[in-house]
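**Q** Pasting a structure below so you can have a look.
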Amino acid sequence: MNISYLCFLKLNQCDTFSSTDISASTYGGESLAAPLEQNLGESPLLLHEMSSSVSERHNRNSDVRRINLSGGGTLQKTRFCSNRISTCKYNAASFLPRFLYEQFRRYNNIFFLTIALLQQIPDVSPTGRYTTAVPFMLILSVSAIKEIFEDIKRRRADHKVNSFPALILKDSAWQSREWRDVRVGDLIRVDNDQLFPADLLLLSSSEPQGMCYIETSNLDGETNLKIKQALPATSSLVTLDKLVDFEARIECELPSRHVNEFSGNLIMDEAMPFGIDQLLLRGARLKNTPWIFGAVIYTGHDSKLMMNSKTAPLKSGTVDKKTNTRIIFLFFVLVGLAVISAIGAEIWRSTHLPQAWYISFLQFDSRTSFPWHVLTFFILYNNLIPISLQVTLEIVRFFQAGYINVDLEMYDPNSDSCAVARTSNLNEELGLVKYVMSDKTGTLTRNVMKFKRVSVAGKVFGNNETDEFDDDSLIEEYRYAPETQNGIQIKELLTMMAICHTVVPEDKDGELSYQCSSPDEGALVRGAASLGFVFHTRKPKQVVMSVLGKDETYEVLDVIDFTSDRKRMSVVVRDPSGRIKLYTKGADTVILDRLVDGSEAVIDSCHSHLEDFASYGYRTLCFAMRVIEEDEYVTWANDYHAAGILIEGRQKALAEEAEKIEVQLELVGATAIEDKLQEYVPETVQALMAADMRVWILTGDKRETAINIAHSCALCHQSTELLTVDKDTYEGTYTKLKQLADRSAQLEKEDKEYAMIIDGKSLVHALVGECRPYFGELALKCHAVVCCRMSPMQKAEVVEMVRGLGNHVVMAVGDGANDVAMIQAANVGIGISGEEGLQAASASDYAIPRFHFLRRLLLVHGAWNHDRSVKVILYSFYKNICLYIIELWFAIFSAWSGQTIFERWTIGLFNVVFTAWPPVVLGLFDRPVEANVMMKHPALYHSFQKRSFSLPQFFLWIGMAIVHSLSLFFLSYGFLNSIVWSTGKDGGWLMLGNSAYTFVVVTVCLKALLECDSWTWPIVAACFGSILLWLLFLPIYAEVFPSISSRIGGDMAGMAWIMMSSALFWCGALFIPCATLIWDLIIKSIFTITLPTPREMAVMRLKGTTSSPGFQRLASKSSRVAAAKTPLKQNGSGPLSEPLRETTRLHGHDNPAVEYGSTEMVMFGLPSSSDSSNRPNDIDSSNITRISIAPERF
């Protein structure tokens, strides 16, 4: 059996693949699942690479996939991947080893496994052989059950997808098969509104010229239809008979994850190149087309959908990293205590053992040696590290993410979407953000483009006051003199606006609409249509537009697509007069460099118009053209066609050929497109800045547009000095950065704010060499930074630079595919589910419908989650040290013998049963500050960070735990020592241990109540319920289990009755915990009254307890808090609120610059007691669908 066949068998086993959930609804269309976001494991890709490299490259020298096509059926010479997909993470054979591997990659699990193994050494463990193993197995079992449950859901979803029906040409007839049975080379029929079962080459369709329309919302979230077109050579295969007689061969590239890149050749009589325009991707849906015929190219895990279903970058939160360092510290403390205790045992042995004749035999027992003692005490003290911490955090984070998902305050009725937490591992990071890197288009702005103004023939048409272009003088000038130079230029510009694009027109019930993947293109086409140049028909090689009521047909000879590197697109057309023209549109930086010599006057005029457009925040495009001679075009077209049939390096070759023809252009004009700011962007930016966050704008727009947006969204104000870096060379950039560094030092001395503006050309140099530290240091000092003309990779590089310059938490916010790299590079990635699809949202850690929801996500959920999780961790450390360090104090009184003071099974159950719930409810229900207070006073966010997981705070909790353990042990010892119980006997060590254990449980539960900021009923119930649970367990364990087996609780027989019948025990249960915690309460009260933190001031103000002099003194001090408006307002008695007022056409919202005369932040102090009447109510969930957004002034 050859290697290829082995790999084929391996690939056809569903369970060999490791991945996670691709839901059936992804393919069923019931929900927008976006498979590109799925967090699949690496195994499918690894197996795919193995199968591709062996199956396809075996006995082959080139990296080309060869497929035989035949309507009569034919066997492929190469075995390809099955179309059966598996996203299962485990199977019956792999579950145990893989699950254990995943679990034991965590250090704490390795630690507890080591303890469990050490306890199996005979006579070494003072706590028994299974007291660690049983709780540890319980925790692992919970994790295993969760994994199995999730994998069962994946398996069911896989079965549903694999069982979808498909029509395959077999034996000269269409036969229904399941998706799993589709093979490479099969000829398939797909009907309207059906999903494509594999990656297909479009052969023909029911539409003329082999055109079809597809919807890719399952792939990228875009609902706009995209046009696909078959090759002319196959577009005639529209009947079954013709398809049966069809034979050809395909040579195409090997499977890759590049969704927008594809190349191959269809070989019949000659090689005909095909590309992405002929590729129908698995998971896309056929729309508005009765049927298509296609040939299967890639199946299963070779499809581009599955190739992109990879694991997102694993991000580790700051709190997790600090927790790991604290655990490592406690491990060394544990080792140190074990060694110290062993030394104590050796000292006692050498000084006391010779006189203790009744145990003199221990002098010769190897189990009393120093190494043996070290192991004994190491096991005895092992619970200083909480065994249940990881599980507790997972539970807390899971439900915290659920809070985000169901928060109706972050619901957008327009898109019917809400916030989505796509991970729970970074909940705490939302409360630690220092830098917010935001895209502009679609993130800060609405991405709803409107054609506003135009520059043509040296004139500017349109004005800023209207909502869209409304200037009849442009078309009137053309009507009046169409043959003049100005008239010709106007017609050429409007023609380019109408036909230089990839827009698909649709005629529904006599009403023309446009399907466009780019909002800019849609705005230009609609703008041209409003001026009488109506694009209404697209054919494979033709476009038809109506020019003032008269149809004109343009033959489309070639299309040179837009790419982020080229920053332009071109079409080569033959106009109605027979002339060949090249139409090019793109960014001014690339178009103006390609103009014919002698265009300086035109360039200067257009450049001044572009700057004027940009000063209003408009997006600008330049349009240029040239007439091409027939001979020149034929020569170039042959070269372009030759580049197009390359399989390897096709895109590079096409770009090189495009460069040859996109030269010597004549400038026709420029357009201005308005993209308004989203609602409450300035208020949100102000709130983030008031919370001590720095906001950066990273955009591909030109500098003037970016600066205007920065002012519009209140990122900069009139007195902010702009430090501009716009050099094209490394030396110039280096010199400029040094100069600006000196200038920034001077501005800091003058206490003035400054911001940096830098473009993409300068960034190329600023991010490398000696420029990088200068740029990084200067940028971090700036009040704000605006980076313009950036490529997607430059955005990611800037994020990585800031992350590398300190322990800063960097958040990236974007909405498009060009923001994915930035989102994945940041500590926390936020995706806006906007007009550009769901690529960014799918790649993000958290998705929100609108930018202004970022305010609540950070200030409320972020601050709460961080505060709660830190409490959970510190409290978990505290309760463990509080109990288990008592073993150290007892060792002093027990001759360092290693004898435990507590019953062995109660030791193991302390974490997983009796004190399991208080940390969970602390992490879920503690509310440090009310949400509306956090929204009104963003500065409180920074105060939460000050209470971060710092070393002083950690050691404070450790110190409290040690002090409490001393109090609990010695008070218990003094309270119960030399007491004769109801049996007439001394209670012994176990009676002391059980009593102390009870007092510890009561103390740590009351400590949870003392540390929480708000007593909600779940917290109170969990704390007192935990105490009650121990008191109920004690008599059951002491009376029932010894009667079953003496090995379980044998020492506890009758213990519960003796303890609970004693009034002294109940007095101790009341007095000792209170005596232990009284000093905590006193100290906390003193500091809260005399030196309250800002958050404590807010809590006290909310509760009306503001009479203390210290509080009044601090409350009178103004706090630098922005007057950030609450975005949602509800009147308790009347309708929700009045509609949004638009006071400026430019911004589309109430801009602070308009309301207050400038974009200066408005400062105010902490709220007075009267503020409570102005506090906005929560949103009524029953009325959520009719919420209208309106500004509210404080």
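Every residue gets a Cβ built from N, Cα and C, even glycine.
In TrEMBL, annotation is done automatically, which means it is predicted and not curated.
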**Q** Which one of 299-326, 1167-1194 shows up in TrEMBL as region 'Disordered'?
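**A** Range annotated as region 'Disordered' by TrEMBL: 1167-1194.
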**Q** Looking at 505-532, 561-588, 1121-1148, I want to know which stretch TrEMBL calls region 'Disordered'.
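**A** Range annotated as region 'Disordered' by TrEMBL: 1121-1148.
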**Q** Need a quick answer: max count of Cβ pairs under 8 Å to the transmembrane segment (370-389), which of 881-899, 905-925, 988-1010, 1017-1037, 1057-1079 is it?
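**A** Going through each listed stretch, the top one turns out to be 881-899.
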**Q** What same-chain residues, at least 6 away in sequence, bring their CB to under 8 Å of the CB of ASP439 (active site, 4-aspartylphosphate intermediate)?
**A** ILE697, LEU698, THR699, LYS795, VAL813, GLY814, ASP815, GLY816, ASN818, ASP819, MET822
**Q** Between the transmembrane segment (881-899) and the stretches 327-350, 905-925, 1057-1079, work out which stretch tops the count of Cβ pairs under 8 Å.
**A** 327-350
**Q** Within the same chain, where does the transmembrane segment (988-1010) have neighbours whose Cβ lies under 8 angstroms from its own Cβ atoms, ignoring anything closer than 6 residues to its ends? I mean 6 or more beyond.
**A** 875, 878-879, 882-883, 886, 890, 894, 899-903, 906, 910, 914-915, 918-919, 921-922, 964-965, 968-969, 971-973, 975-977, 981, 1019-1020, 1022-1024, 1026-1027, 1030-1031, 1034, 1051-1052, 1055, 1058-1059, 1065, 1068-1069, 1072-1073, 1076-1077, 1080-1081, 1084
**Q** Please determine whether the transmembrane segment (905-925) and the transmembrane segment (1057-1079) are in contact (criterion: at least three Cβ-Cβ distances under 8 Å, sequence separation 6 or more).
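**A** Checked: the transmembrane segment (905-925) vs the transmembrane segment (1057-1079), no contact.
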